[in-house]
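K.L.:
Residues or ranges marked as signal peptide in Swiss-Prot: 1-18. The domain 'Peptidase S1' annotation in Swiss-Prot covers 25-258. Under the heading disulfide bond, Swiss-Prot lists CYS31-CYS173, CYS50-CYS66, CYS152-CYS219, CYS184-CYS198, CYS209-CYS234, citing sequence analysis as support. The annotation active site, charge relay system is assigned in Swiss-Prot to HIS65, ASP120, SER213. Under the heading N-linked glycosylation site, Swiss-Prot lists ASN102, citing a curator's inference as support.
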Amino acid sequence: MWFLILFLALSLGGIDAAPPVQSRIVGGFNCEKNSQPWHVAVYRYNKYICGGVLLDRNWVLTAAHCHVSQYNVWLGKTKLFQREPSAQHRMVSKSFPHPDYNMSLLIIHNPEPEDDESNDLMLLRLSEPADITDAVKPIALPTEEPKLGSTCLVSGWGSITPTKFQTPDDLQCVSIKLLPNEVCVKNHNQKVTDVMLCAGEMGGGKDTCKGDSGGPLICDGVLHGITAWGPIPCGKPNTPGVYTKLIKFTNWIKDTMAKNP
């Protein structure tokens with residue numbers, strides 16, 4: 001959520017050094033083409049705002065703090081600012097933020113210690129199904145708890161530098177470690193709850209950042225989280241990022257999808 005607040009502040013402040021986006025990968029590398037076929041670029045009109053994850057042909061999962069009045073998505077992209085034959089564009093017919101997410105946090109404000117970013121996820125219903133190809137494939141929800149110490153991969157088009165807002169064209173990937181939540185509790189002022197995951201590199205330098213919100217956290221090959229919030233500047237030592245823990249929400253996700261075919 002801090003990523004979105006900073007993104008909005010930069011946009012409203014007239015920053016023109018880079019196209020406006022939300023959060024981004026620091027310390028990463030260009031993802032191999034088609035290696036993240038579930039990764040979705042979420043737009044408000046023609047402005048990229050967040051990442052997302054394709055769960056099936058009709059549904060995208062993203063962060064609730066990415067909530068805006070209108071959405072459309074691009075699937076199968078590896079380059080944000082270029083046309084690609086593999087890419088598919090879809091409108092979003094309806095959005096479903098988690099009912100327990102505190103939407104008042106969307107008002108721009110300085111993060112406070114009492115802020116609780118729990119339940120930060122949202123489903124987007126596509127107006128027409130995605131075509132499944134080598135570049136566009138869904139990923140399954142988790143069926144068990146993630147293992148501490150797992151190697152996790154995060155991806156996104158968020159800022160590639162921790163302080164100066166700089167967006168990449170190529171989809172970025174970075175490997176980080178799944179850490180005990182106590183590490184994030186100790187090193188963040190905001191609440192870290194049992195519906196969140198703590199992941200990063202304690203030495204710093206590798207992190208999600210401004211523009212990565214809603215993108216996938218894949219640990220040992222399994223989708224376990226989506227990017228939620230983290231430190232500013234991104235990639236600070238001893239301050240891992242915080243992710244929504246999807247195993248806590250699989251029933252809500254499945255029920256919402258089933259009730260809105």
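Backbone N, Cα and C define each Cβ position, glycine as well.
Values in this document were obtained by computation on a predicted structure and should not be read as measured data.
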K.L.:
Within a 10 Å radius of its Cβ, which of these disulfide-bonded residues (CYS31, CYS234) has the fewest neighbouring Cβ atoms?
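P.N.:
If we count Cβ atoms within 10 Å for the disulfide-bonded residues CYS31, CYS234, the smallest count is at CYS31.
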K.L.:
Taking Cα atoms as reference points, rank the active-site residues HIS65, ASP120, SER213 by distance from CYS31 (disulfide bond) and give the first.
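P.N.:
Smallest Cα separation from CYS31 (disulfide bond) among HIS65, ASP120, SER213: SER213.
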K.L.:
Whole-number Å distance between the CA of HIS65 (active site, charge relay system) and the CA of ASP120 (active site, charge relay system)?
P.N.:
6
K.L.:
Could you tell me which of these disulfide-bonded residues, CYS66, CYS152, CYS173, CYS184, CYS209, has the greatest number of Cβ atoms within 10 Å of its own Cβ?
P.N.:
CYS209
K.L.:
In sequence order, which same-chain residues at least six apart have a C-beta under 8 angstroms from CYS198 (disulfide bond)?
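P.N.:
Listed in sequence order, they are LEU178, LEU179, PRO180, ASN181, VAL183, CYS184, VAL192, PRO240, GLY241, VAL242, TYR243.
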K.L.:
Restricting to the disulfide-bonded residues CYS50, CYS209, CYS219, which ones have a CA within 10 Å of the CA of the residue listed as 'N-linked glycosylation site'?
P.N.:
none
K.L.:
What is the separation, in Å, between the Cα atoms of CYS219 (disulfide bond) and ASP120 (active site, charge relay system)?
P.N.:
19
K.L.:
Should any of the disulfide-bonded residues CYS66, CYS152, CYS209, CYS234 have a Cα within 10 Å of the Cα of ASP120 (active site, charge relay system), which are they?
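P.N.:
Hits: CYS66.
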K.L.:
So what pLDDT does the domain 'Peptidase S1' (25-258) average out to?
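P.N.:
That stretch averages a pLDDT of 93.
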